[in-house]
Structures are given as C-alpha cells and as structure tokens.
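Annotation comment: TrEMBL describes Glu1220 as active site, proton acceptor. Among the features that TrEMBL reports, [2Fe-2S] cluster 1 binding site is placed at Cys11, Cys16, Cys19, Cys41. The feature [2Fe-2S] cluster 2 binding site is assigned by TrEMBL to Cys81, Cys84, Cys116, Cys118. According to TrEMBL, the FAD binding site annotation covers Val231, Val232, Met233, Gly234, Asn235, Thr236, Ser237, Val238, Asp334, Leu378, Arg396. Taken from TrEMBL, the feature Mo-molybdopterin binding site applies to Gln743, Phe774, Arg871, Gly1038. Look at TrEMBL and you will find Phe873 tagged as substrate binding site. What TrEMBL lists as domain '2Fe-2S ferredoxin-type' is 1-59. The annotation domain 'FAD-binding PCMH-type' is assigned in TrEMBL to 203-388.
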Amino acid sequence: PVRLTGTKYGCGTGGCGACTVMISRYTPTTKRISHHAANACLIPICSLYGASVTTIEGIGSTKTRIHPVQERIAKCHGTQCGFCTPGMVMSIYTLLRNHPEPSLEQIMEALGGNLCRCTGYRPIIDACKTFCKTSGCCQSKENGVCCLDQGINELTEFEEGNKTSTKLFSEEEFLPLDPTQELIFPPELMIMAEKQPQRTRIFVGDRMTWISPTTLTELLEAKFNYPQAPVVMGNTSVGPEMKFKGVFHPVIISPAGIEELNFATCSHNELTLGAGLSLTQVKYILGEVIQNLPEEKTRMYQALLKHLRTLAGSQIRNMASLGGHIMSRHLDSDLNPLLAVGNCTLNLLSKKGKRQVPLNEEFLRRCPSADLKPEEILISVNIPHSRKWEFVSGFRQAQRQQNALAIVNSGMRVFFGEGDGIIRELCISYGGVGPTTVCAKNSCQKLIGRPWNEEMLDAACRLVLDEVTLPGSAPGGRVEFKRTLIISFLFKFYLEVSQFLKRMDPAHSPSLADKDASALEDLHSRHHSSTLKYQSVDSKQLPQDPIGHPIMHLSGIKHATGEAIYCDDMPTVDQELFLSFVTSSRAHAKIVSTDLSEALSLPGVVDIVTEEHLRGVNSFSIFTNPEELLRTEEVSCVGQLVCAVIAESEVQAKRAAERVKVVYEDLQPLILTIEEAIQHSSFFEPERKLEYGNVDEAFKGVDQILEGEIHMGGQEHFYMETQSMLVVPKGEDQEIDVYVSTQYPKYIQDIVASTLKLPANKVMCHVKRVGGAFGGKIFKTGILAAITAFAANKHGRAVRCVLERGEDMLITGGRHPYLGKYKVKSDHTNSGSPQVIEMGLLKMENAYKFPNLRCRAWACKTNGPSNTALRGFGFPQVGLITESCITEVAARCGLAPEKVRTINMYKEIDQTPYKQEINAKNLIQCWKECMAKSSYTLRKAAVEKFNSKNYWKKKGLAVVPLKFPIGLGSITLSQAAALVHIYLDGSVLVTHGGIELGQGVHTKMIQVVSRELRMPMSNIHLRGTSTETVPNTNSSGGSVVADVNGLAVKDACQTLLKRLEPIISKNPQGTWKDWAQAAFDESISLSATGYFRGYESDMNWETGEGHPFHYFVYGAACSEVEIDCLTGAHKNIRTDIVMDIGYSINPALDIGQIEGAFIQGVGLYTIEELQYSPQGVLHTRGPNQYKIPAVCDIPTELHISFLPPSESSNTLYSSKGLGESGLFLGCSVFFAIHDAVNAARRERGLSGPLKLNSPLTPEKIRMACEDKFTKMSSFINPPW
C-alpha cells in the first residue's frame, strides 16, 4: 500500500468533506487541464484512469516544504482536533489552483462542503482571507460608519492602563503564494491521453465488472449488452446505495470523456446541456448564458443557478452529473421540480436510434411509457429560453441553508402571453412531499384564464393543498410544516411575479402592498468580519516565557500536512483482523435466537464473539450499575451490541455482520420519550432535590403564578473521527497494547483487564491524539475496546475496529434530552443519567439569585440509547430552562427580558442555592461590557424600526449571561499526575494524564514546562498519553484538563529545579546541557513525577449544602438574527461575546475553545435535531440527515473580548478552564429567534405565552409565525 494516511474518512457519504482530494484531468482536444475538489470516499478507483489525484501529502510536508495554505491554516489557529483539516486544506488548495486571488464568496463556496466540529470556522475563514485581494473591510457601513474606522461600537476600557491585543497571528510572516511553484500535471498522463487509442476499458473484480466506454458507439453497445447496468458518472447516488443500502450491481457502465455527453450549445430558443456535465460545469455555463442573453430569456436559468448554489457541497457538485441528478429522480431533487415546469425535453439514444421524451411528472414517476428503455442513454437536456411575460422561480427550505437536502422544494412557472396579467400557462411542482417530484397539474389547469390577483392566489392555495396531499402519517413527518411551505412558496411566487409585472407595466399591474415587499428580500447577507480582544502579557514577564502568548497548536502544521497520526492511520500489523459489530434492531425485545451459520460460512470470517464466549466477564461497572458488554436475552434500545464478527478484512467483517440473523420478540411497554417515562413511572434511582429559602411561604399572597414547560432535544457528539481502536497482543506474558481514541485510558485499561481476567499491569493503553470527543469517548469506547481486546487475545492476533459514522451515531448515545417544568418560582423534570441530574440541579440557577427555590429532578429510564456526557454536561439544558422561565416572566410582566435578567442577577458577594460563597463582580462586569460593546440599546431600537417596516422578515436581539461552575464534584476526580525527564543533552520529555482532544492541552503543558524550567519550547517534547508512564489518570473532560495536569507538570518541574538549584547556582550562565551533565556527574536524578491531589469538593444531598465547585467562569453574549416568517429560515447576523477567563495561558487556544463551543451551542439550540421512528430507530445517522453548523451558519459578525484579569487564584497561573462554558452562549441565538418570532406574532395580533422548544428548527420557527397559510395547512377544518 502507498501508506498515504493524510486523507481522512469521516462519514463515507460525501457529507463531511474530511476526505477531500484534488482530481486533475487533461483534455486532449482543448489541451486544457482542469482541477476540482472531490470526496475520496465516493470516487471509484476505476473512474480515475488517466486522472491525477493530489492528496494532502502531495502539496507539502514538514519533511520537504509546507504549502502556504497549510502554513496559514495552522498559524491562524484554524485547527483544533485536526481531523477535518486535510479536507479543509485540499478544498482551499484546489480553489487557489483555479483562482489564485479568490473572493470571499468563492472561499465560502469552496468550504461549503467541509464540516468542522471544533473551531467554529472563524479562524479557517481568517486563514483563507489572507489569500483574498481585498482591504479587509466588510463592505457595509452600519450606522453610517466603516468597520475599519476605529471606535465603532467600541467601549473605552473599563480600567485605564490595560493593554489589549487584537491579533492572534502575524500575516507578514506568511510564505507568499506562488502559483508557478505548484505541482505540474504528470507529463506521462498527457502523452497517454494524446497518443493512446480510445477504446473501452474493462475492470473485472471478484463480484463485479466495471465497463468504461470512451466513445458514444461503445457506450451504446455496452448498454445494449447490459441493459440493467446503471450508468455512473459521479457515483454520488449509486455509491452510497451500494455502500449503505445493500444494493448490488454486478455490472457498472461508466462513460469516460465522451464528448457527446459533455457539451453545451445555446440556440435562439433553447439551451442544450450534455448529460455528462458536472453540476459545477452546469453552474458555470448558466452563469455565462445569463450574462450573454437578455434578462427575460434567462429566468429559468436564474432559478436553476440559485438552486445550484446551495445544492450539496462543492465536492459533490464537482462529481455529480446533470444526467445522473435527473435520472436518480430523488424525491428531494432540487433541479427536477424546476426542469419539470420548464417544458424541458430529454434527448435519448440507443442502438435503435434517437428519441425525445418530455421531462414531466410521468417521467419523474417512472411511468413505463414516459421513461427510458433499459438500453437507452440520456445524451442531453433541452431547456427552453424563457419568453417575454413568462416567469420562473425555484424555492427550497432545508434544515440548514446550504449543503442540506430540502425538506420541501419547488419549481413554478407562469406565462401571461401578453401584459394583460391573464394566466395562459401555469406549472407548479414540488419535491419532498411524495415518493418523487409531484406536479400540481389539475390545480394549474383550473387557474388558466384567471387574472393574477389576490383571489387567484387564494384559490390556488386551496387547490394546491387539495391536490398535493400529504396524509398525517406521511413518511418523514413534518406534515403541517410541509403543507405550510407548499403554499408559502406559492405566495412568494405570486409576489415575485407581481413585482415583475409592476416593473414591466406599471400602469396596469396592481401595486405590491408595502408589508409584502419584505417577503422577496434575501435574508441579511454581508461579508464576514470578526474582532478578537485579549490581554497582552505583562511587560515585566521574561521575553522567553510563553505563558499568555497566542502560540499555535503544536500539532497544527502536522494537522495541515496530514502527518498527524490518528488511531486508524496506524500501519497494519502483521496478520491483523478487523472487527464489526451486530447491533439490535428493536428498542425493547427478547432475543429469541441468533443464527450465525451463514455469516461464519462467508470467506475471510474467522470468528463471531457472542455473549457465551464472555461468560463471567460480560459486564463491567463504573459509577453506574453494571453494564453488559454484549446483550444476552433482552435488548432495551436500538443499537445495543449483540455480537461481534472478526474477519480478515473490513469489507468481509461488515458483509458477514449483515448476514447474522437475530430473531426478536417485542416486549411492552415501549418507552421512547420523557413523557412516556413519566406516565409509566420509569425512573433511575430516587429523585434529587435542592431547596433554598421558603418556597411555600413565597407562594402565599402572590398575585399571579406562572407555570410553563420547555422540552429540549438531545444532541449527537459528531466528533469527526469515529470510535477507533487497534488492540495488539504482545505474544509473551499475556501483555496487550490498546491503541484507542479515548478520553479515559485508565477506564480502557480497567475494563480490558477485567474482560481478559488479567492484572492491569499487563494491559497498556496508548493515546497519541483524538479527533474530537466532547464527552463521547469515555464509557461506550471502553465496551467496544473490551470486546475488541477479547477477540485479539482469543486469536493471538491484532484486531482493529473503526465504526462507520452511522454505526457510531446509533451505538454511542449523545446529550440528554430534558423536559423542564417551572412554576415561578420553579420545578424541573429531566431525562438522563443520575450524574447529569446532579450536575443539572447544581447549575440550574445560571447567573441568578432566586431567594426562594425548590428544584426536583428525575432521571428517566427509556428505550432510547443510553445517553452520556456532552460538552457542558447538563448545564446547557438546565440553563435554557431557567432562561426560558426568565423570558416568560418578562413577557408576563411587560418588561424587557434583559431588565428581568439584570434585576435577578447575583450581586457581588452572594451565596448559591447549595450555600457556596460566590463573588459575582466579574459576572456583572461581563454583562455591562457586553451590553455596551454590542450597542444593545441602539441596536434594539434599530431592530424595532426594521420590524415595523417588514411584515415577512423579522429581526430579533437577545443578551444572555453566563455563570458556569468548574469542578467535578469530587476531589478524587480532579487529581492528576505528570512525569518529566531531563536528558543529558538538555532536552526534556514531558508526559501527563491529559488527552489531546483538540483543545491544545499538550501545547499548554509545554508552555508550563517552558516557564517553570526557563527553557525554550523547542527543547521540550511530548509523545502522547499512556497508562505505561502515568498510571491511574482521570478522564479528560469537565473543562479542567489543562488546569489539573498543568499543576501536576508544574509540581514535577519545581521538584527538578529544587534538586538542581545547587548546580545552577554554581554556573548561572550555563546551558541546560551543562547543568544536566553536571547533575548526572553528581548522581542527581533528572526525572521527577508531579502530582496534584485535586480541587477540594463536597456536596451533601441530604442537607442540600456543599462546596461542589472550585470556581466559576463568567460571560455574556448578545446575538442578533433575522428570520423569514414564510419559510422558517434564519440568519445569524452578529454575536458579541465577553468572557472572564482569568489570566489566559494561550489566548489563541482559549478563543478557539470559546467560539468552537459557541457554534456547537448554536447547533444544539437551532438545527441539530435527532429524529426517531415510532419504533425507536434513529433516522438521523450521518451528515446527510443530521445537520451540524456549517460555514454558512456562523454569525456574519463575531466579536469576542476577554475581561482584563482581575484576581489571582490557586488555579494554574490564575487561568480558568474554558472547554465547555461557551456552548451555553449559543442560546443567545435561540432567544434572539424567540424575540423575532414574538415580534411577528405581535404584529399578527397573537397574544398569550409563546412556547418554543429546542432545537428551534425552521419548522418550529415557521409554525410559530402563525398566519393565514399555517391556518390553511392545518388539518382542522380549513377556514373556507
């Protein structure tokens, strides 16, 4: 094998961009070389004949030279865990090969198909902006001032003499981009393309044949011989079906470079596009045609181009062909509804001759009379020009604005014949509302001859709703939302056409109502800008001391070159096996029988591990009740492990796992929701309770009692690197090495030792780095590792296990959903595990002092997957419940929410509900500074002014405070240890118990050693984390990893310095090499362990009192959004964040943690929605169904500033842990949307409390903005 491991496998469906590579091809006829980014996970090797593939390793490495893209993404701090970085780099590299000075729009488009879970995208965009040819101005003069004019929305510093910095990197140091120094296209491939005769290439494998014709005649011959074989161009549709849906094609035909399929001609009345053109090429051609033709002829092309901008990511558009997109006829295809209304025709060809068929509803429904015959090929598509008085529009709404399949999309066309406004032709079609694209033929027919006015619109809505039927039980749900979108789109079309008519014939066309004009405007769109502000280091600090400087992540360059090794990048061990799991397909059932015979008979299958093999060791407990490794008699959720197949290869293991036959007998009750758990009294342990003041007394004599509830959905971790492990038996003394992507090596060691009945000293767990974790690589990882280790130990061979994205999401569980009920003054019910309940109760008051509070919580037992820790562990849920309560109190009292927040906020010296002392001075400071920096009062007035002028678009503004407690509730859980060696050449090796998850803990530890030993960072090295060097470590999580391990490292360094003091004082001008040699000569040990015993922590649940937390992180965030009341779409316009972080050890890493967590929070509260079937099966199993924020979701303006450090503490250099706190600030976007929806409802005369649950998806936003369309679409008697 070539051993190029830089390209990462993230999802296998082309949805995350981690596997992006650059494909270059040479066309002999035009003598041109084209470069495009593509998803390696979908590209069949056979389709690459004659192409050059450039992976991350090809553009630069630390061994040769790094490329400017790699350097800038690393030095601008655009990498954290680094798993997505090679894909990001390749997307931008390919863009620069085509456009050496790209625009910001081109950059955003190039990154649209790449997901990142760590950084929040801002630093990646900043890195890319350094290649742009712009001034850095955002091109918008808000409040009449340019953003480059200092002082806009700025606040004079609170304390004079505080020096702040605003830059995290220095552009002047960057390598220049020189396009002449790029890799050339391989000359041998050029010669081959020029000289080799064109003939069909056939590749034959064990199970299938790949036929690649190079001429049209050969293609027709192949299709005649194999009429059932699919024709594959980009493999974006057939590939995922074969990979994940078990579809098998013994023969595939893939045309290569056939000119007759790759052309575009524009005649006087139509545009003809070859079926083999990629969607990117189609996009480019449409852009050219629109520029060259008169506007009235291009309306169809403009509508197609608008959809192509948001269809999938750029990698998929580069691969997918126009013909493939049309022929796939997916129910949510974006182009087919438009093409279907545009009188388009398909040009077909077979050995029997030519034929044309219309691209209409019959074709899209696959009616035999209107479809292709098996031996026919789609050659091209004719798209007629629009005529005068003809108007075409396309609409779509998805869970995320870009790179997301539409929930509903639509194509609409009307032709008036002349300027009399009488409908001559009308075509309307929808995607996402049926098994394929649906045309509202009958409705359109009935509307012909009617004038284009309000009465026609009213009739049209009624007719279309009757014709495009969606039963209440329609697959995919969201029925009322879909029905509402169907007519909301129709209304938008009505307004668009009315506006055109008015422009063309002002005298005869009715004027648009002022309030309706906003329906046609796009959501707020501006260039991205950001400002960051942090404390400069003290001038008294030694120049070589790195603490407080924005130092790049130590693996940053390796992330960007693909040289950083993750678990699955480790070389194959001799005779290595692969393990694949069989999981339960029922949520609550008895296992009647398991038939392994067929699976065992398949080639390459070595063994299947079942519960019988694990007799006596099939359960392990930590914190909680014992958990079974493999289910034996009963399954209690979908995705539980039933058995594990071990085979010679990954493909063989997965194929065999599909053939294991498990027979179930369903059991009752089936409990899937918190409400059902309450109904069946299905709870873990007794309730937890916290009380402060006298609630009963407080309720006496209260004028009004407010009661409410809010439901908060769960969240998937979506770390970019799925669960991965490699277990290697050493062959002697029963020693075994476990290389695993985990946050908790000690737990892996313990569970593996227990399962293999070995002492822990025989099992060593090693972790170099983890590609993201967020709490999801602790307990479930241990179970997976234990079974993998059992297989390795049983067969004496190394075993590897890497989960597919869909398996990972199914097996691992995520953030706990919550149901919060409050009665002001407050009462809660939650779902989850006992630990998350305790943390939730202790953190629920957020930043507020409630004089009388009673809080009760239960952990519900359901037949959903067992949930686990996820960044914030309970706080993002309880915080939202409290903030919802505050918002509702404000509405009920007629006060602004920020006023109620200010009144109830903790005062400087105060006491929490569990009687812990607190100094909230910095909380109040953050709040005041956030209000000032965001120009809150000014912008609140501007938002109200905007809302008064726009009926269908609304803006919202919200500001939320944060008090995030840091501490794990137990001194035991925060102890840490470290080991520091000094070698005789003066170099240092440091190791500690923390895991590098992307948060930069290793970088901070080297900064600590550098300060303590007063030596340059380049002298210090850190190899990874292992139970071999530092035993009995705690899990890396809870925001304290750098805190506690840093104190242990500091302790070790101080021990060494104390020992070496006499040596150094004898030779103060010496080097570390001199001192180390002198110490060795005097027999002084140059190795020391360091230890930190943990933060004091206690909590007595009997009395409800204690000191569970060591300190608090304070902050505040103000967010502004704009919503589209007709579709439910929203745009994050601006966010200002102010944080109190103490003394920052590394401002670049700290800002990265805050904004990365914030964007993850925006996902949690707005778009990340887990969907289950009524039987408890998870539908959202990958990036195609589950949407995390993409580059289009970050606020257009993002401003982050830190309070000046004000107090010293006994933490590491008075710093604060920041891994989790920023996530909750994402709810400022939730409440800004809430504010915008409220504005819409007030204008529509809707009073009464507004109940909005989380996540606040387009569906919830649209349905809350009630209007005539939501009323029409509801199933209760329509108002006719």
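Backbone N, Cα and C atoms are what each Cβ position is placed from, and that goes for glycine too.
Please treat TrEMBL annotations as automatic predictions, because they have not gone through curation.
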Item to check | Same-chain residues at least 6 apart in sequence whose Cβ lies under 8 Å from Cys118 ([2Fe-2S] cluster 2 binding site) | outcome: Thr79, Gln80, Cys81, Cys84, Met720, Gly772, Gly998, Gly1152, Gly1156
Item to check | Distance [Cα-Cα, Å, rounded] between Glu1220 (active site, proton acceptor) and Phe774 (Mo-molybdopterin binding site) | outcome: 9
Checklist entry - Out of Cys11, Cys116, Gln743, Arg871, Gly1038, the binding-site residues in the record, which is closest to Asn235 (FAD binding site) when you go by Cα distance? => result Cys11
Next on the checklist: Using only C-alpha positions, which one of Cys19, Gln743, Phe774, Phe873 is spatially nearest Asp334 (FAD binding site)? These are the binding-site residues in the record.
Outcome noted: Cys19
Item to check | Rounded inter-Cα distance in Å - Cys116 ([2Fe-2S] cluster 2 binding site), Cys11 ([2Fe-2S] cluster 1 binding site) | outcome: 13
Checklist entry - Between Asn235, Ser237, Gln743, which of the binding-site residues has the fewest other CB atoms within 10 angstroms in the structure shown? => result Ser237
Checklist entry - Whose Cβ lies within 8 Å of the mean position of the Cβ atoms of Cys81, Cys84, Cys116, Cys118, the [2Fe-2S] cluster 2 site, other than those residues? => result Thr79, Gln80, Gly82, Phe83, Thr85, Arg117, Thr119, Met720, Gly771, Gly772, Gly998
Next on the checklist: For the C-alpha pair, I'd like the distance in angstrom between Arg396 (FAD binding site) and Gly1038 (Mo-molybdopterin binding site), rounded off.
Outcome noted: 40
Next on the checklist: As a quick check of your reading of DSSP, tell me how many residues in the domain '2Fe-2S ferredoxin-type' (1-59) are helical, how many are strand and how many are coil.
Outcome noted: 11 helix, 19 strand, 29 coil
Item to check | FAD binding residues Val231, Val232, Met233, Gly234, Asn235, Thr236, Ser237, Val238, Asp334, Leu378, Arg396: largest Cα-Cα distance, in Å and rounded to whole number | outcome: 28
Checklist entry - In sequence order, what residues of the same chain, 6+ apart, have a Cβ less than 8 Å from the Cβ of the residue listed as 'substrate binding site'? => result Gly775, Gln835, Val836, Met839, Gly1037, Gly1038, Glu1220
Checklist entry - In sequence order, which same-chain residues at least six apart have a C-beta under 8 angstroms from Phe774 (Mo-molybdopterin binding site)? => result Arg117, His717, Tyr719, Leu870, Arg871, Leu997, Gln1160
Next on the checklist: I need the nearest neighbour of Cys16 ([2Fe-2S] cluster 1 binding site) among the binding-site residues Val231, Met233, Ser237, Gln743, using C-alpha distances.
Outcome noted: Ser237
Checklist outcome for this item: Not counting Gln743, Phe774, Arg871, Gly1038, residues with a CB within 8 A of the CB centroid of the Mo-molybdopterin site are Ala773, Gly775, Gly776, Ala869, Leu870, Phe873, Leu997, Ser1036, Gly1037, Gly1219, Glu1220
Next on the checklist: Using a Cβ cut-off under 8 Å and a sequence separation of 6 or more, which residues in the same chain sit near Met233 (FAD binding site)?
Outcome noted: Ser254, Pro255, Gly276, Ser278, Met319, Ala320, Ser321, Gly323, Gly324
Item to check | Arg396 (FAD binding site) CB neighbourhood, other CB atoms within 10 A | outcome: 26
Next on the checklist: Return the average pLDDT for the domain '2Fe-2S ferredoxin-type' (1-59) as a whole number.
Outcome noted: 94
Item to check | Cα proximity to Cys19 ([2Fe-2S] cluster 1 binding site), best match among binding-site residues Val231, Ser237, Gln743 | outcome: Ser237
Checklist outcome for this item: Val231 (FAD binding site) to Cys41 ([2Fe-2S] cluster 1 binding site), Cα to Cα, whole Å, comes out at 19
Checklist outcome for this item: If you measure between the CA atoms of Ser237 (FAD binding site) and Cys11 ([2Fe-2S] cluster 1 binding site) and round to the nearest Å, you get 15
